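Student: Pasting the feature list from TrEMBL:
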BINDING   GLN187, ARG343  ATP binding site
DOMAIN    419-561  domain 'N-acetyltransferase'
BINDING   ILE486, ALA487, VAL488  acetyl-CoA binding site
Amino acid sequence: MTSIDSALTAFRRRLSASRQRVLIWVCGELEWCRAQLAGPLAECVQGRGVLLSDQSVAGLQPNSARQAAERLGQTLDFAIVDAFSGFNPNAFGQLCGAVEGGGCLILMTPEPQQWMQFADPEYASLCVEPYRPEQLEGHYLTHLVQMLRHSEQRVLWAQGCDPVFPATLPPVSMSAAIPYPCRSSDQADAVAHILRVAGHRHQPLVLSADRGRGKSAALGIAAAQLLGEGKRVAVTAISRQAIAALLERVAELAPEVDGQLVYYRPDELLQAQIEADVLLVDEAAAIPTPVLTRLLLRYSRVVFATTLHGYEGNGQGFALRFLRLLRKRFPKCQEYRLTIPIRWAGPDPLEQLSNRMLLLDVDVAMPVGDTSPAEIERVPASVLATDTALLRSVFGLLVLAHYRTTPGDLRILLDSPNVMIYVMRRAGVPVACALIAREGPLAKALADAVWEGRRRPRGHLLPQTLIAQEGWSEVAPWRAWRVVRIAVHPDLQQQGLGQQLLRQIEQDACAECVDYLGASFAASEDLLRFWQGSGFVPLRLGEQRDPVAGTHALLVLKPLSAAVVAWLPEARNWYRQSVLQRLPVALQDLEAERLPALLHGTVAAVELSAPWRERVRGFTRAQRTLESSLLPLTTLLQASVHHWDRLSLAPADQRLLCGRILRQQPVAAITEPAGRRAQLERLRHLCDILLSCVTD
């Protein structure tokens with residue numbers, strides 16, 4: 001046995017004894033790296049493992065990033081990430097979370113300086129037309145090399161050198177006695193908190209944890225006990241897959257009642273009358289706050305659980321925003337955070353290093369009480385890659401603003417050639433940021449192929465959507481800036497900082513002869529208000545309702561050039577007619593009270609002539625039937641929809657107008673008011689009010 005073999009064996013024993021994990025960085029030429037895995041490192045790759053690569057290494061079957069993700073939930077003794085075949089941040093993070101205590105993750109890379117210049121195969125997924133992979137500059141790899149070089153808690157084995165081991169491992173935290181079936185003391189405390197919610201109304205619980213702390217399993221342990229007591233327990237999450245650990249614990253602990261635990265999508269809970277004594281919401285941060293609020297109003301005993309620093313999303317922003325709302329409405333709400341890892345002992349070297357590499361541990365500083373003017377600048381990715389503090393601040397703001405900010409988004413931010421980063425500072429502290437994607441123009445041949453449905457090039461969301469879905473070939477030669485993300489520190493929201501940031505972006509876009517700004521988002525009430533308040537108008541409403549958010553995707557646009565200004569009235573008129581035409585079937589689940597905002601700024605072309613007004617009066621003041629008056633009444637609603645908010649029309653009245661006139665639904669489809677006579681009387685009254693608005 002060589003000295004290297006002896007050192008590796010001794011180090012593995014230390015890891016096994018402490019139940020900690022470590023990253024082994026093997027860097028050099030490809031064949032040399034593979035030889036070490038088949039030779040001295042062979043002892044480290046025994047047992048259950050996954051190889052993330054495009055070809056076999058050390059006799060192991062290769063897995064793509066997608067295949068590796070499909071093996072989530074498994075416990076691994078080791079994982080190998082072959083960066084020569086591409087470094088996928090999401091897959092890397094997922095494998096880090098799957099390795100159990102005493103195991104290791106082996107990262108194979110070129111020599112550091114060469115790796116920063118390496119033609120990473122992942123670049124192909126980051127390029128949009130007309131860029132090519134060889135044009136990317138490797139800022140993300142520069143960031144990774146910095147994190148790996150400065151870490152003292154990894155093993156470094158560079159070609160031509162002996163392995164360098166950590167001098168010491170962090171001291172392991174000792175845990176008290178753990179009651180079965182829990183696997184940590186704070187998991188047992190979490191179960192007790194959940195059971196306490198079941199016994200008290202209007203005292204919701206927010207359960208939070210980093211990945212690997214047994215949060216979902218705690219929900220399952222509590223659910224098994226509640227079901228055994230005869231309680232009705234409902235579970236919801238963004239997908240059934242998200243509650244796999246919960247369901248496994250119930251099946252293990254209470255197989256006789258396993259079938260009584262039913263998973264519901266969030267929209268199912270809101271649309272159907274589902275009774276439950278306790279509602280468990282897993283990965284609550286992935287569900288929009290308005291949906292969670294409605295669930296709170298419907299169920300009196302609710303537990304919300306979320307991952308704070310995860311590979312599929314980050315719940316820090318949720319914890320800040322939702323806890324504030326809860327404390328206002330429910331002063332007796334509880335919060336509990338699990339900190340003790342289950343599958344390994346903490347503090348864990350692999351977790352600490354992977355968190356720094358993927359920025360899973362970012363925390364945004366509280367803004368200082370400074371009211372000085374904000375400073376806004378466009379920050380090159382090359383600066384962010386080498387300024388770790390600034391990068392952490394910017395990414396932290398994005399994490400707070402959007403749950404589905406993943407490690408892969410960090411690579412997009414640093415490496416995508418068409419992405420720009422804007423940062424707003426107060427007293428030198430970043431308080432807001434925006435990601436902008438340059439889109440268009442599309443060459444005529446490409447635009448024609450998109451229009452015909454033959455091509456879907458990567459990127460260019462705005463022009464592709466307008467051409468492929470709406471048929472607007474006119475947009476092909478125009479340059480666009482799409483606002484991919486805009487984030488403001490939660491403590492400074494509702495102060496106009498987001499709109500101030502947009503104004504600066506607009507000024508820069510005008511200076512660079514950009515034709516229009518745009519965005520695409522789930523059309524919640526708050527987001528609609530923000531974008532329309534910034535001068536953006538809607539031009540496409542998607543038909544598929546998000547089963548989690550309960551909203552439709554909306555594309556909005558703000559014209560900057562004369563060509564777009566001239567085209568916009570026709571596009572707005574087309575959008576208005578499209579929405580109204582699709583209301584009866586394709587958009588039948590769209591709430592009537594959303595129409596005024598969704599049709600905002602699109603009604604100027606609708607007029608009600610004198611003969612048409614007389615026909616409306618025939619319905620409102622005479623006895624003309626609804627069926628005979630549908631044409632003029634439909635035109636009346638189109639011409640007056642922008643008055644609905646000003647008139648403070650009740651949601652029930654808006655549903656009645658939309659349902660009976662625009663959607664032509666039968667009497668039985670409308671529950672308030674009930675009955676044909678009551679509905680006709682109310683419709684005559686409402687249409688008379690609307691007629692006076694468009695006549696004045």
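Glycine is treated like the rest: Cβ placed from N, Cα and C.
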Student: To see if you understand the setup: which same-chain residues, six or more apart in sequence, place their Cβ under 8 Å from that of VAL488 (acetyl-CoA binding site)?
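Tutor: Non-local contacts for VAL488 (acetyl-CoA binding site): LEU397, ALA401, VAL431, ALA432, LEU497, GLY498, LEU501.
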Student: Reported as an integer number of Å, what is the Cα distance between GLN187 (ATP binding site) and ALA487 (acetyl-CoA binding site)?
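Tutor: A Cα-Cα distance of 33 Å.
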Student: How many other Cβ atoms are found within 10 Å of the Cβ atom of ILE486 (acetyl-CoA binding site), counting all protein chains shown?
Tutor: 26
Student: Taking only the Cα atoms, work out how far ILE486 (acetyl-CoA binding site) lies from ARG343 (ATP binding site), in Å, as a whole number.
Tutor: 36
Student: With a radius of 8 angstroms around the mean position of the C-beta atoms of ILE486, ALA487, VAL488, what other residues of the same chain does the acetyl-CoA site pick up?
Tutor: LEU397, ALA401, ALA432, CYS433, ALA434, ARG485, LEU497, GLY498, LEU501
Student: If you average the pLDDT over the domain 'N-acetyltransferase' (419-561), what number do you get?
Tutor: 93
Student: Please classify the secondary structure at ARG343 (ATP binding site) using three-state DSSP.
Tutor: coil
Student: Non-local Cβ contacts of ARG343 (ATP binding site) (under 8 Å, 6 or more apart, same chain)?
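Tutor: Once residues fewer than 6 apart are set aside, ARG343 (ATP binding site) is near THR75, GLU100, GLY101, GLY212.
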Student: Determine the Cβ neighbour count for GLN187 (ATP binding site): the number of other Cβ atoms within 10 Å of its Cβ.
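Tutor: By my count, 23.
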Student: Return one of helix, strand or coil for GLN187 (ATP binding site), based on DSSP.
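Tutor: GLN187 (ATP binding site) sits in a helix per DSSP.
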